[in-house]
Amino acid sequence: MVAYYFDKKRSFATGIATSGSNLGALGLAPLQQVIVDAFGWRNCYRFLSGLALVITVCGLLFKPLDEKKTGKDRLVKSTEITFEKSFKKKLLSFPRNNWFIIWAVASTIATFGYFIPHVHLYRRQPHRSSYEFIQLVRVAEEMGSSHRDGSLLLSYIGIGSGVGKIIFGKISDIPRVDTIKLYNICMVLSGLSPLLAIYSAGYDMLVLYVVVLGLLDGCFIGLMSIVTFQCTDREKMSVAWGAVLMIMSFSMLVGAPAAGWFGETTGKYRNLFFLAGAPTICGAVVLSLIQCIKDPIIESQQKRALVIPTEEKEIIFVYDRLTVV
């Protein structure tokens, strides 16, 4: 929806819009710990479910923008008719250009380890109702980290992510900045960041790790829709974005449980952070292939944009606003 409201500074606007969830994470993580300690994890999930219903109420208050009526109403109406007729066709048409395929594969690989640091900063202890911070059990015992300290780490991730979304969104809007290259660099750094946790000598280093992880996560999440926008046809953006999220969901679903199984089987929780970083780096390697492949569809669109008459550009502009979500 951000793309519908913003034509300029779209990345910055997306960063601001998506950073709202991080403001909630700032207070939600400690609150969850309090609820778990007082009422148990089952009631905590009930509380979170009720909280999610509030989002639906906010959605009911949303009012789409009305197009300003001008002398070009005939063009807008014609475009709307074309949009309605082609809706079913677009819904069933899956983007097949090389850039989008590479992006879909890269994002799927990268998100395999996305939730591993978030989930496995804690480990459920037998016969206990709360979660104990376990980043390398030996180091945790030496640090004497409490449950409160562990819950604050998730808040630090949220703060870093919110700041990162705004910063990288602003950087991405700079004309000379290649958003895909910027995204690729952040993916590599995100994959290397678990080394800060693996070789941490104290709680302060863990805080540094989660803050860095949060900043890079801000780029990863905040620019995801922007990269998708650049890797596909504009008229297929809605389908492409939905397809990417659907494919990524399977990878995210499997990643954290697989890491938990690996940790319980081997007893080496240190390796979980390697498992969190390696897929992200592999995804960055795959995404870098975009720089080596010339996509004929996107190139033809760029060339066509240079020779399209002014009136046709106006029609395409209106059509984009109707179709890009």
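Positions of Cβ are set from backbone N, Cα and C atoms, glycine also.
Quick caveat, the model's predicted, so the values are computed rather than measured.
The domain 'Major facilitator superfamily (MFS) profile' feature in TrEMBL is assigned to 106-325.
Residues annotated as transmembrane segment in TrEMBL: 12-35 (among others).
Per TrEMBL, the feature transmembrane segment maps to 47-65 (among others).
Look at TrEMBL and you will find 98-116 (among others) tagged as transmembrane segment.
Under the heading transmembrane segment, TrEMBL lists 150-168 (among others).
Residues 110, 117, 135-136, 139, 168, 171-172, 206, 208-209, 212-213, 216-217, 219-220, 223, 227, 230-231, 270, 273-274, 276-281, 283-284, 287-288, 290-291 of the same chain lie 6 or more positions beyond the ends of the transmembrane segment (180-200) yet place their CB under 8 Å from a CB of it. Sequence annotations record features per position, and here TrEMBL assigns transmembrane segment to 180-200 (among others).
Annotation comment: TrEMBL describes 206-227 (among others) as transmembrane segment.
Per TrEMBL, transmembrane segment is recorded for 239-260 (among others).
Remote same-chain partners of the transmembrane segment (272-293), defined as residues 6 or more beyond its termini with a Cβ less than 8 Å from a stretch Cβ, comprise 98-99, 102-103, 105-114, 116-117, 120, 180-181, 183-184, 187-188, 190-195, 197-198, 231, 255, 259, 262-263. TrEMBL lists 272-293 (among others) with the feature transmembrane segment.
Same-chain residues lying 6 or more positions outside the transmembrane segment (98-116) and placing a CB less than 8 Å from one of its CB atoms are 187, 220, 224, 227-228, 230-232, 240, 243-244, 247-248, 250-252, 254-256, 258-259, 272-273, 275-280, 282-284, 286-287, 289-290, 293, 295, 298. On the 0 to 100 pLDDT scale, the domain 'Major facilitator superfamily (MFS) profile' (106-325) averages 71 in the predicted structure.
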